[in-house]
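Asks: Pulled these from TrEMBL:
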DOMAIN    26-403  domain 'Major facilitator superfamily (MFS) profile'
TRANSMEM  27-49  transmembrane segment
TRANSMEM  61-80  transmembrane segment
TRANSMEM  92-111  transmembrane segment
TRANSMEM  117-140  transmembrane segment
TRANSMEM  152-175  transmembrane segment
TRANSMEM  181-202  transmembrane segment
TRANSMEM  227-251  transmembrane segment
TRANSMEM  257-275  transmembrane segment
TRANSMEM  287-306  transmembrane segment
TRANSMEM  312-332  transmembrane segment
TRANSMEM  353-375  transmembrane segment
TRANSMEM  381-398  transmembrane segment
């Protein structure tokens with residue numbers, strides 16, 4: 001098959017009339033709502049460990065768990081989000097999920113012991129897992145098939161804005177005010193996201209006329225098989241990125257880089273925001289591998305440079321390379337994952353891919369922390385650079401070689 005990715009996607013998303021324009025009201029509202037959701041998540045990820053250790057006098061392990069255990073709830077919810085979206089109205093799921101997401105934070109300051117706090121963090125993660133999957137499905141369903149790569153890149157950029165703004169605002173509020181202020185800013189951002197999603201129209205994701213596909217059985221009722229290869233790759237490359245996020249502060253202190261660490265993520269965000277409007281349309285025109293293969297190389301090069309960074313300029317150069325690499329692996333990977341998913345299974349495909357991303361973010365700090373303990377942070381970043389090159393080979397074997405040689409577009413049999 002020599003179809004372009006756009007043709008393959010249009011075929012896969014057939015079954016009901018799809019959108020013809022990218023920048024519609026619904027797509028824009030879904031993107032802005034997504035910014036508020038990820039702002040909320042990373043607002044707490046940056047502040048929760050500090051709050052828990054100060055409030056309950058627990059050690060680093062439990063303090064860190066109070067932040068990261070959120071991911072366990074998200075993982076559990078991803079497994080049920082796809083089937084829920086297949087059975088129930090997307091708007092109702094988005095409203096219920098977002099409303100529950102907004103209602104939980106005020107209970108955090110009321111809790112008197114660490115056990116119930118951890119339990120509530122899991123529940124909060126579950127509401128995020130459902131709501132974020134639904135919003136992503138609403139957004140992707142509004143992207144024209146021939147602009148899937150471009151639209152997905154823009155939607156992924158909205159995630160990045162929330163991820164970048166959350167820690168910055170959270171640490172500012174925690175340092176200058178109190179955790180209660182963090183909580184009410186989180187509630188306000190959640191309610192803003194909820195209000196923005198209300199006007200978004202529910203897409204018609206019914207199967208194509210005459211579609212007689214057998215009902216899914218076994219694990220395929222929870223996961224979309226066509227999205228699993230990229231979900232696996234997503235888990236593996238996110239695991240490496242999680243090591244950067246988790247240990248950057250310690251690395252900067254070890255190398256006497258001080259405040260330069262906070263600007264590392266700013267440089268990373270700039271690289272992603274500048275490159276995604278280019279890489280998205282490039283995928284639509286030239287195929288997926290033209291973005292994926294260089295992205296792995298950039299990611300590996302950035303990690304190797306990071307491991308040798310002794311001064312701020314090298315640190316920022318590493319951040320730019322990592323942004324060009326990992327930042328585009330995420331958006332391109334999502335595009336590949338859903339490009340062959342039937343329109344009526346967009347929700348299942350989306351939740352399957354993000355299940356892999358959540359798995360990598362959850363396991364990364366633990367697994368890489370073991371390596372750091374024995375090898376040190378700098379050497380670990382070097383090993384991660386080599387790991388990224390090995391991962392390029394895994395990607396090629398699992399997915400990349402099965403893409404059409406002419407355009408690296410649809411999967412071949």
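Positions of Cβ are set from backbone N, Cα and C atoms, glycine also.
Help me see these features in their spatial surroundings.
Replies: Here the transmembrane segment (27-49) has long-range neighbours at 19, 60, 63-64, 66-68, 70, 98, 101, 105, 121, 128, 131-132, 135-136, 138-139, 142-143, 151, 154-155, 158-159, 161-163, 165-167, 169-171, 173-174, 179, 182, 185-186, 189-190, 192-194, 196-197, 199-200, meaning same-chain residues at least 6 beyond its ends whose C-beta is under 8 angstroms from one of its own.
Counting residues 6+ beyond its ends, the transmembrane segment (61-80) has Cβ neighbours under 8 Å at 41, 44-45, 48-53, 114, 117-118, 121-130, 132-133, 222-223, 351-352, 354-355, 358-359, 361-362, 365 in the same chain.
For the transmembrane segment (92-111), the residues of the chain that approach it from at least six positions outside its boundaries are 33, 37, 40, 44, 51, 84-85, 117, 120, 123-124, 127-128, 130-131, 134-135, 138, 179-180, 183-184, 186-187, 190-191, 193-194, 197-198, 200, judged by C-beta separation under 8 angstroms.
Proximity of distant same-chain residues to the transmembrane segment (117-140), defined by a Cβ-Cβ separation under 8 Å and at least 6 residues beyond the stretch ends, is recorded for 26-27, 30-31, 33-34, 37-38, 41, 48, 52, 56, 65-67, 69-78, 80-82, 84-85, 90, 93-94, 96-98, 100-101, 104-105, 107-108, 111, 148, 151-152, 155, 197, 200, 202-203, 338, 346-347, 350-351, 354, 358.
Packing against the transmembrane segment (181-202) from elsewhere in the chain are residues 25-26, 29-30, 32-37, 39-40, 43-44, 47, 51, 89-91, 94-95, 98-99, 101-102, 105-106, 108-109, 135, 138, 169-170, 173-174: each is 6 or more residues past its ends and has a CB under 8 Å from a CB in it.
Same-chain residues lying 6+ beyond the ends of the transmembrane segment (257-275) with a Cβ under 8 Å from its Cβ atoms: 157, 160-161, 164, 167-168, 248-249, 251, 309, 311-312, 315-316, 318-324, 327-328.
Taking Cβ pairs closer than 8 Å, the transmembrane segment (353-375) reaches residues 64, 68, 71-72, 74-75, 78-79, 129, 132-133, 136, 223, 227, 230-243, 246-247, 330, 333-334, 337-338, 383-384 in its own chain, all 6 or more past its ends.
Residues 229, 232-233, 236-237, 240, 243-244, 251, 292-293, 296-297, 299-304, 306-308, 325, 368, 371, 375 of the same chain lie 6 or more positions beyond the ends of the transmembrane segment (381-398) yet place their CB under 8 Å from a CB of it.
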Asks: Mean pLDDT for the domain 'Major facilitator superfamily (MFS) profile' (26-403), rounded to an integer?
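Replies: Within the domain 'Major facilitator superfamily (MFS) profile' (26-403), the model's average pLDDT equals 87.
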